[in-house]
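Engineer: Residues or ranges marked as [Ni-Fe-S] cluster binding site in Swiss-Prot (evidence: sequence analysis): Cys188, Cys191, Cys277, Cys279. Per Swiss-Prot, compositional bias 'Acidic residues' is recorded for 402-416. Among the features that Swiss-Prot reports, region 'Disordered' is placed at 402-422.
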Amino acid sequence: MFEDIPVDVSPMHEGERIRSANMFVELAGPKSIGAELVQVKDEVEDGKVEVKGPEIDEMEQGQVYPFAINVEVAGSELEEELESVIERRLHELCNYVKGFMHLNQRDQIWCRVSTEAKDAGFRLEHLGKALSVLFREEFPIIESIAVTLMTDEAAVQEFLETAREKYETRDSRARELSDEDVDVFYGCLMCQSFAPTHVCIVTPDRTALCGAINWFDCRAAYKMDPDGPIFEIEKGEVLDPERGEYANVNAAVEENSQGTTDRVYLHSVFGYPHTSCGCFEAVAFYIPELDGIGIVNRDFRGETPLGIPFSAMAGQCSGGKQVEGFSGLSLEYMRSPKFLQADGGYHRVIWMPRELKESVLEFIPEDVRDKIATEEDATSIKDLRRFLRDNEHPVLERAAVEETEPEEEEVEEAYPEETPIPEGVPVMAAPEMTLPAAGGFRIVLKNAKIYAEKVIIKRK
């Protein structure tokens, strides 16, 4: 079946991580552009695989290239409603190919090819052939399939614009339905190869964290493959309509998370927030100093007012963990009328990147639009506090915000000998961070990067 492909193709490789040291090239991701799209057509040249742009053996090691995947399928039983369902399986099936890593979805894809795969003779043409076979196996209703892979920047840019128009068409349809209109929700387990205890709950008002699967997509997927990774959940008893807690959802999450999580609030970052996988489009995070919520999206390269970027924050709550005060979410959920409704919705949001704010501006209530800060208004807690006060943000009504900053006692700086930090060790970077202490003093770390397995503070 895969005899002419120089690397192994098997589900056993799903979950493989390709680190920088083992990487030949990176495709799309945060340093470039990319997209993926599946389109149902009336006719398709079956088995056609085309590569537009440099092939793997024409690329320079260590470089980053634009990348797009366009899959066209045809079949008498195929419907346009199934496009996003098939498309989301690209994540899973690409990872079947040894030496090829696929992360995220839609226009957020991030791929890598290992040096080992390149040395074995792997090319993008082989990826296209593998996808053709795998999709036919996964979806027997596909009668013909063609795959186009792009690494030419102009071709990827043009395709990206087309793909985004398609994404918006799908998303806008789902906005017409609400949780109260249906009796069934859905669960999705597609990310469990990377986040074994994560169970994604999809409702009309809460799109999957990846942003690629909405309630209609799940319904179509379940009808087509009732034994697949997407399953039905009878809505059943509503335990808390404001937080979005349902008895059957709790039971489904407990069963499919290996008992790790037994309660979930669909519309709150507090108490029992929805678990996070790793391919979420944004993170909502609590800012305790101001009793407000910040949101940072994957595309934002700067630091949040907490002093850490998206990547560090994502590492704190991904992998299927349930971390109070943090929750991965999709950008489409930010357009939902139930967006974090238990926490106050946008009236509790105090910071987000400018581009993200502009993309959801029409869904932010008018009375608070100009009161939510961006990186252009505030880059620290101090700046943010001042902005909120000057603009009379409603979050100030929840708790008093300090008018003055407490005095800080300068501590003599020490520079311990640097020790190389192995890859994968948790890192926290912060321009200013206060550590809890006792005895009438406190410790303030400024412009700190901390690599530590243990911190011991002793008073002589």
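Cβ coordinates are placed from backbone N, Cα and C, and glycine is handled just like the others.
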Engineer: So if I draw a 10 Å sphere around the Cβ of Cys279 ([Ni-Fe-S] cluster binding site), how many other Cβ atoms end up inside it?
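Structural biologist: Taking all protein chains shown, Cys279 ([Ni-Fe-S] cluster binding site) has 30 Cβ neighbours within 10 Å.
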Engineer: Around the C-beta of Cys191 ([Ni-Fe-S] cluster binding site), how many further C-beta atoms are within 10 angstroms, looking at every protein chain?
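Structural biologist: Result for Cys191 ([Ni-Fe-S] cluster binding site): 27 neighbouring Cβ atoms inside 10 Å.
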Engineer: Near Cys277 ([Ni-Fe-S] cluster binding site), how many other Cβ atoms are within 10 Å of its Cβ?
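Structural biologist: The answer is 25 other Cβ atoms.
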